[in-house]
Amino acid sequence: MKIAVIGQSLFGQEVYCHLRKEGHEVVGGFTVPDKDGKADPLGLEAEKDGVPVFKFSRWRAKGQALPDVVAKYQALGAELNVLPFCSQFIPMEIINAPQHGSIIYHPSLLPRHRGASAINWTLIHGDKKGGFSIFWADDGLDTGDLLLQKECEVLPDDTVSTLYNRFLFPEGIKGMVQAVRLIAEGKAPRLPQPEEGATYEGIQKKETAKINWDQPAEAIHNWIRGNDKVPGAWTEACEQKLTFFNSTLNTSGLVPEGDALPIPGAHRPGVVTKAGLILFGNDDKMLLVKNIQLEDGKMILASNFFKGAASSALELTEAELVTAEAVRSVWQRILPNVLEVEDSTDFFKSGAASVDVVRLVEEVKELCDGLELENEDVYMASTFGDFIQLLVRKLRGDDEEGECSIDYVEMAVNKRTIRIPHQLFIGGEFVDAEGAKTYETINPTDGSVICQVSLAQVTDVDKAVAAAKDAFENGRWGKISARDRGRLLYRLADLMEQHQEELATIEALDAGAVYTLALKTHVGMSIQTFRYFAGWCDKIQGSTIPINQARPNRNLTLTRKEPVGVCGIIIPWNYPLMMLSWKTAACLAAGNTVVIKPAQVTPLTALKFAELTLKAGIPKGVVNVLPGSGSLVGQRLSDHPDVRKIGFTGSTEVGKHIMKSCAISNVKKVSLELGGKSPLIIFADCDLNKAVQMGMSSVFFNKGENCIAAGRLFVEDSIHDEFVRRVVEEVRKMKVGDPLDRDTDHGPQNHHAHLMKLMEYCQRGVKEGATLVCGGNQVPRPGFFFEPTVFTDVEDHMFIAKEESFGPVMIISRFADGDVDTVLSRANATEFGLASGVFTRDINKALYVSDKLQAGTVFVNTYNKTDVAAPFGGFKQSGFGKDLGEAALNEYLRVKTVTFEY
């Protein structure tokens, strides 16, 4: 059918895309005018497809349709109007014009909750069922005949966002497509809306969202969640307007210890606790609010409302005192040598061993059914008094660490809703940068802004290092066993796997990674890396060494491998999450704490990773993430006296500067993975089909943004022309396109500056006399797309023969048949030595060449075959130190020698 889509937002965009995939012809997209220079997603998508787009600021004047608007609409010849989400008033001349009329999506089960704030009122009224309706438009307000309805359960703590993201958005898109399909098949019903149960409520605005405290707790809870996030339920307290978010009902009946917050009109004062703000209804029942927005717009954890409020010991209720005495009896049974267990009794000083810890934990868990208690809790609260305080906090659901408030950027993309933190991550909290400084991170697929990201300053680096140092020296990270540390890393890997599709989607958005590749490599290998190093945690061990005895006495000498302390990890933009994982997994497995500086142009998966560390239970301060510039954040990390190790992946030029800074500051330990110009030698006796396939992968894998990419191919003369012919044939089959499309082979380059460098690189190659066989230009479409490129006749003196492109540019040079030593000399005539490769069926030749190639990795009859268990790192100016494998652990450990005499 010929369809006019009238609406806006990501929902409108998705409906538009799905209708086109169904084979319908969208003849026009009608959306709202650009706001602050930013076009609506529906309009952007339609313009990209060449569909006419109209952005009328109004459709009628003085109650009459504008003739010009009607004429432009009628010229399209639409057979059906589809209104997925439309905030404008559309004249009946337009509504009734098509052969099949118009259908509208409404996010409630009509006739209930007619009006623009239907989702809000579904929650405010405490409806147990929610859903959406698709109806035939008429001249009433949401009164047209019903075509289709779908319902879902409304969860007790659902908010507008959670209900929309879980059901109304994804299922609503499917519902609109289904409705159009029914119309096309002539099977669409027209069911009059019943009058019984019909309601209409007005638009929820800030001025109408004030909380009425004279009602039960459940009604207050429904009011808060029904206005979360927009417009926000508010009250006046402490001489300012406070807006409440993230409400849950508290059914425990126990009022946690906290500080009173007087609220005018409330039945009782609120109580600020470590879990959040306890509020009371007029029925004396409670609800808990996790987040508060202050009058100046700043969002804070409700538990932090009274900054500087001292933490005091909990006063136990009668029931809790009974529990405490039962636990005292458990301690007494485990510690028979202790006459009487007092608050000051120390579990371990009283003779308990690790096996007793297990017994204590299991007995207490059985005593307190449903309690989550772990071995490390005993080590962190080893006296009876501290243990009871910890136990009661857990029983009350009052987490001592507190919960992190995350201001997400939410996006509906790749058939899912992704939630991305965008602030700095310091000491277990997402916070704004000093001075609230931010910058834009760009989607390379179309050049659009994804979101604003906090831009770290020097003071932020100092705060992050201080948090990491405190976590290392005083926190529980250094006190838990190596095996428990491994368990936390395994849990983190599991969470990364649970979020694998979301992480891959973020990599595609932020870095231009092809989604299908990101699932397997960018994210898949990241998960494997954390699992691999989690297994190493309890296998890091020293040795005993026989030395000359100090006769007549004897000696025992042993070594211990210890973490170095606070580490700075500076990662590149080509594999944002994988490069983070390669270094951070080994760093954490060794017992260090870390400050991570992601590449400024690709910060988002690092911030999502930070969120997952919290969910995994990694203690606060162990992992910190600072998006920002290398010249500021990276430099401060290199200079900081409390940072003991820098792990860096990037250019040789910057690596040299970091090495110098580390030496001058405090002689930091350094590992560097730097530039490359990896040679790939293809002999005439190779399997040519495999050589072509792997040669393509060696250059074009991940758009050529690959540190070990084959920077130069040496092809034996007798097969050179056939090799080039086959490569060009394969290049022309590659699909360049949106990285989220499942059939895309080649996505956009990472950022605009890099695209421009690739253009200059190819222009210089042509200027110096190399033959440009194909490619060499930007793809004529929005975004930072560059054509897969092939150069031949490349001589050793040329710029492109010596310098890395870091892009999809294949550099091919000939070498004379049988001249193995000369081609080896040419391959090694570079200051780089990251990787290399050889293709031959001759095992003797393969062994000889692999011996002679001066590179940290040599691939024989394969390429790009890295593995988490195999050490990875370069020679010469490609750096030193290893990622992956057991060798990587040594980069984050120091060896201590201990000698006894007896």
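Just so it is clear, glycine is given a Cβ too, placed from its N, Cα and C backbone atoms.
Taken from Swiss-Prot, the feature region 'Hydrolase domain' applies to 1-310. Under the heading active site, proton donor, Swiss-Prot lists His106, Cys707. Residues annotated as site 'Essential for catalytic activity' in Swiss-Prot, with similarity to another entry given as evidence: Asp142. Among the features that Swiss-Prot reports, domain 'Carrier' is placed at 318-395, with the record citing sequence analysis. The O-(pantetheine 4'-phosphoryl)serine annotation in Swiss-Prot covers Ser354 and rests on similarity to another entry. Summarising the annotation, Swiss-Prot assigns region 'Aldehyde dehydrogenase domain' to 417-902 and lists similarity to another entry as the type of evidence. According to Swiss-Prot, the feature NADP(+) binding site maps to 571-573, 597-600, 630-635, 650-651, 673-674, Lys757, 804-806. Feature annotation from Swiss-Prot assigns active site, proton acceptor to Glu673.
Secondary structure at Gln635 (NADP(+) binding site), taken from DSSP and collapsed to helix, strand or coil, is helix. Rounded to a whole number, the C-alpha distance linking Glu804 (NADP(+) binding site) with His106 (active site, proton donor) is 55 angstrom. Between Lys597 (NADP(+) binding site) and Cys707 (active site, proton donor), the C-alpha separation comes to 19 Å. Using a 10 Å Cα-Cα cut-off from Ile571 (NADP(+) binding site), none of the recorded positions among His106, Asp142, Cys707 qualify. Note: the CA-CA distance between Asp142 (site 'Essential for catalytic activity') and Gln635 (NADP(+) binding site) rounds to 59 Å. Annotated pair Gln600 (NADP(+) binding site) and His106 (active site, proton donor), C-alpha to C-alpha distance, rounded: 41 Å.
DSSP assigns Glu804 (NADP(+) binding site) to coil in the three-state reduction, outside any helix or strand. In this view, Gln635 (NADP(+) binding site) is surrounded by 17 other Cβ atoms within 10 Å of its Cβ, with every protein chain counted. Within the same chain, residues at least 6 positions away in sequence whose Cβ sits under 8 Å from that of His106 (active site, proton donor) are Arg114, Ala118, Phe132, Ser133, Ile134, Phe135, Asp142.
Model confidence over the region 'Aldehyde dehydrogenase domain' (417-902) is summarised by a mean pLDDT of 97.
The distance from the Cα of Leu632 (NADP(+) binding site) to the Cα of Cys707 (active site, proton donor) comes to 24 Å.
Taking the Cα atom of each, Cys707 (active site, proton donor) and Glu673 (NADP(+) binding site) are about 9 angstrom apart. Broken down with DSSP, the domain 'Carrier' (318-395) shows 49 helix, 2 strand, 27 coil.
Remark: Glu673 (NADP(+) binding site) has Phe648, Thr649, Gly650, Cys707, Leu834, Phe872, Gly873, Gly874, Ser878, Gly879, Gly881, Asp883 as non-local neighbours, by Cβ distance under 8 Å and separation of at least 6 in sequence.
Gln600 (NADP(+) binding site) falls within neither a helix nor a strand when secondary structure is assigned with DSSP, and so counts as coil.
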